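Asks: This is the structure I have questions about; it appears just below.
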């Protein structure tokens, strides 16, 4: 499907001229100019903190630009609220969906919408939703509650809500982050159909392959400034990556062991035996998982978010005690509790590290002592030696290559990326047996991801077992020796990554074990 | 020049803004008093003389500070773990009751009776906060409501004891027990040993919070319960310990008041010390050491209030002044979050550094 022809002289749907946006101490956008034409998909590419989200928040009226102009269809525009942007037919789908989980799909679609009929019954709302769903080609079940939907379905609701308000410019922030490969393909098909009607799309993404596949043009931001805009046809992923980071990224083969690396262990460091977990509602979130993690290997865990990953990492790190089954640490039944697991050499980079691995209002020293406060030199005899905590923090900051002006300052004053590096280094320090890392690259830019992956490879070469939970299959295939796939709390299979390919893993993620013809070990 | 709100307020700025707030409060009060025909300077001189300007004034200040330091500490320790003990008033009463019970009915030398009074007081205070504590730790019941409501029960219980079974049968004083035979020895005028003990307790709590692993766990649990869970800290045990400690501290204030200052159990004797402890804790901004200067400020306000009342100012006027001071300090604390940021200039050159570097 090619973009429809546009009459010459038609003004772009949206034109930004010299947009600047400043935050205290940070220049988020500086003199950014770009245009989006009708009937095109523009990819906005950039590292974390490059200013992509800020720029889009300016376009959708969440922020107001400090300088510069916004021109819609040839007329100047200025939005002082998101509502005004919606009236101007600009719609944004955020990375974190803004839906009411307890409401039905129909109610979410009609929430805060001037066209919603007054005193409408659920039946009327659902009929209207069904009609919208057919008109825009986004199949949804109007009566379903949003909390019962998968991430992909929730995204469809979100997009439909934007389209229902007659959006002509659709902005998507990392739309495929939570989707299975099949769902992502469905989304792209729908976006192409949307484009074919002369509408415009801006898609924010980190994923180069995706950008190559879906976009017509690419604009790259770096350090808040626009680096350039190219026709996607003239680009290669390699060139995009280098332009985005500002230097050539050397992709190492991380599966390759360094000389003198510890061999893969023969006895499991950490094992699960028939482990099941029920949540407080009695729903089984992990079902009968048997898994061994050996030293000197990286085990990837694939799956769409919400299929038991959180529970699996919590069981592996001692945070959750399984309802059934056994957790073995070094072959012996593990002493329960997260503190005991950490003491026995299990490090944990949690999914929401900024919220659960750090105490934001406390100082950096205090935060770096979190794993070692109980033992000398920081702890011992019930004491807490602040000076020892300080020198530990210096050591961690040093090795993480984070410059810190004042170790007593609250850790939340650091940027998110630096907080992550500190947490990663703190956990790697104690991970003498196993490191469990959930979504380690989430929220990091390409350069930081490469650093993080290097950490993992080094740790593996030291003989530590590493579990990486991720929804980025590319990342898993690049790093893992074996890949386990989770679906609905079950471990669908553990594949040697040599025999694993994206398509096969994608099917397993969707819960299908029957299709591939290769006779791989599939245990349930 | 543009001002921007920062998530943290440096101590230096907080102090500066608070000084400004106090000055503004004094100014507003002075103007209002002058408008109502008072001689402001005469009043000011009188207030200064009878608080910091004379020995009696200083003794009074110290006496006020004893319960304020303790009830302020009681609220501060719970705030460190992210909870609010609003029940200092009730625990104060229970401490007073426990102390008075022992003091009135246990014969013996003061060296034995006084520690027994303190122990009984703290036990009673712990018992009084036990229900809110366990309801919080095991059932997630909001401790603000439960501790607050128990204050009224404790207040009435004190009245009942002081007018009923324990009433003064000798002089027939209203809502009061008889005089307790033992008293905390005085060290300086009317100031008794409770004063240095209270100071020591505040300093000791500061050491515990910053120099023990127990205090570390409390601080982490308060700053982010998620991080405490992640690190495998025994959070429930810490919540229980901190709340019981808080109850004991407030109760000790009651004991000092009974055994050092009032020498009887009287209805209404807590005199809002429990609630003022909340104010002290807010002024101290979660620092156990800062409770001491905060208690001093509060004591100054209370003392000045009494002086003004002797000058035919209504008690409500004094309350209004207290409120004004606290309101302005609260505004000052908020303003301390604002700092000037460099005005926006379009940097022609050199070009800006990448954003990732500017965020520290």
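Every residue gets a Cβ built from N, Cα and C, even glycine.
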Asks: TrEMBL lists transmembrane segment for one of the ranges B:239-256, B:257-274; which is that range?
Replies: B:239-256
Asks: At an 8 Å Cβ cut-off, counting only pairs 6 or more apart in sequence, do the transmembrane segment (B:239-256) and the transmembrane segment (B:112-131) clear the bar of 3 or more pairs?
Replies: yes
Asks: Taking B:61-83, B:90-106, B:143-162 as candidates, which has the most Cβ pairs under 8 Å with the transmembrane segment (B:276-301)?
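Replies: Going through each listed stretch, the top one turns out to be B:61-83.
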Asks: Pairs of Cβ atoms less than 8 Å apart decide it: which stretch in B:61-83, B:90-106, B:112-131, B:143-162 has the most with the transmembrane segment (B:187-209)?
Replies: B:61-83
Asks: Give the one range among B:90-106, B:112-131, B:313-331 whose Cβ atoms make the most pairs under 8 Å with those of the transmembrane segment (B:143-162).
Replies: B:90-106
